[in-house]
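These notes are about the structure you will find just below.
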Amino acid sequence: KMLMSSNHTIDKFVLLGLAESPDVQLLLFGVFLLIYVFTLLGNVGMMTLVRTDPRLHNTPMYFFLHHLSFTDACYSTVIMPNMLVSLISWNKDISFAGCVAQLYSFVFFGIVECCLLAIMAYDRYAAVCSPLRYAVMLPKMVCVCLVSTSYLLGFLYAAIYTGCTFGGPFCNSNVIDHFFCDIGPVLKLSCSDRFLREKVIFAFVSLNGISTSGIILISYLCILSAVLRMRSVQSRSKAFNTCASHLLVVSLFYGTGFFMYLQPSTSHNGLDKVAAVFYTLVTPLLNPIIYSLRNREVKEAFMKHVKSLCL
């Protein structure tokens, strides 16, 4: 490790990555390259379908899905290309400015994702529990305002987290024991008192996590109550399957995220990398499958475009 004295400024960091063995790195490169390709195909494909199909484009649910797909594609791209290059080269360096930009972008899209998942849970609540008032509850202007607020919150939270993470001198080491510039691993390198900065980050993570996951939980409890009142067994089963798959992905995203960010930087260990793989790589891959490809409208739109390309 490269140790730094307190009067020297770090101009780059070294990311240790996920594994040291060249054989394991090559295997991981192949796996993560496939994940990244399918993540881009799924999310860009979903965006294209919503953009080109008028019926999907004018429905609130798919308007939100379009932005979720955009967020997931960007969220993966912030981390994956740099990680893939480091897996097949000996160069593990990332510049100080690059590290700041990566952390800011990662937090920005992560916060937007949390907000969109909460909005989409409310959207499903409105569709299932108040189908006759659905169009009144979510007109186009309200949908645009909700999505715009998500991006605004992402901008503000990212500025706060990045400022707190890089707000002190780094004089212990420039080696980050992670595969990207994340809050905890970077904070561990700070040689100044980071107690206050950690408390600020903890407070904002708690605020965002509790508010968005609370909306999701309440929305799905209301949906569950409405589903249980359905007379048709087939309708009830379909609703249960849809809700269960949505909640599975949400639980994976929030569970691993809470594990990572609601603990002090001194408590971080090897499990952090495993948790990070799930909320940074697996969730963006699963979202287009769970939220869109299981829907009849998406399948119909997809087949319609395939037929138009074949003719």
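Every residue gets a Cβ built from N, Cα and C, even glycine.
Positions annotated as domain 'G-protein coupled receptors family 1 profile' by TrEMBL: 42-291.
Per TrEMBL, the feature transmembrane segment maps to 26-50 (among others).
Annotated transmembrane segment per TrEMBL: 62-83 (among others), in sequence order. Remote same-chain partners of the transmembrane segment (62-83), defined as residues 6 or more beyond its termini with a Cβ less than 8 Å from a stretch Cβ, comprise 17, 32, 35-36, 39-40, 42-44, 46-47, 50-51, 56, 94, 102, 105-106, 109-110, 112-113, 116-117, 119-120, 123, 143, 146-147, 150, 179-180, 280-281, 283-284, 287-288, 291-292, 297-298.
Residues annotated as transmembrane segment in TrEMBL: 103-122 (among others).
Outside the transmembrane segment (134-160) by six or more residues, the chain places 60, 63-64, 67, 104-105, 107-112, 115-116, 119, 123, 126-127, 200-201, 204, 208 with a CB less than 8 A from a CB of the stretch. Marked as transmembrane segment by TrEMBL: 134-160 (among others).
TrEMBL lists 200-227 (among others) with the feature transmembrane segment. A Cβ distance under 8 Å defines the sequence-distant neighbours of the transmembrane segment (200-227), meaning residues of its chain 6+ beyond its ends; these are 111, 114-115, 117-118, 121-122, 124-125, 128-129, 153, 157, 160-161, 164-165, 183, 236, 239-240, 243, 246-247, 250, 254, 257-258, 261-262.
Only residues 6 or more beyond the boundaries of the transmembrane segment (239-262), in the same chain, are considered here, and those with a CB under 8 A from a CB of the stretch are 110, 113-114, 117, 121, 124, 128, 182-184, 201-202, 205-206, 209, 213, 216, 220, 223-224, 227, 230, 268, 271-272, 275-276, 278-279, 282-283, 286-287, 290-291, 294. Summarising the annotation, TrEMBL assigns transmembrane segment to 239-262 (among others).
Same-chain residues lying 6 or more positions outside the transmembrane segment (274-293) and placing a CB less than 8 Å from one of its CB atoms are 18, 32, 35-36, 38-39, 42-43, 45-46, 49, 65, 68-69, 72-73, 75-76, 79-80, 106, 110, 113, 120, 178-180, 182, 245-246, 248-249, 252-253, 256-257, 259-260, 299. Here TrEMBL flags 274-293 (among others) as transmembrane segment.
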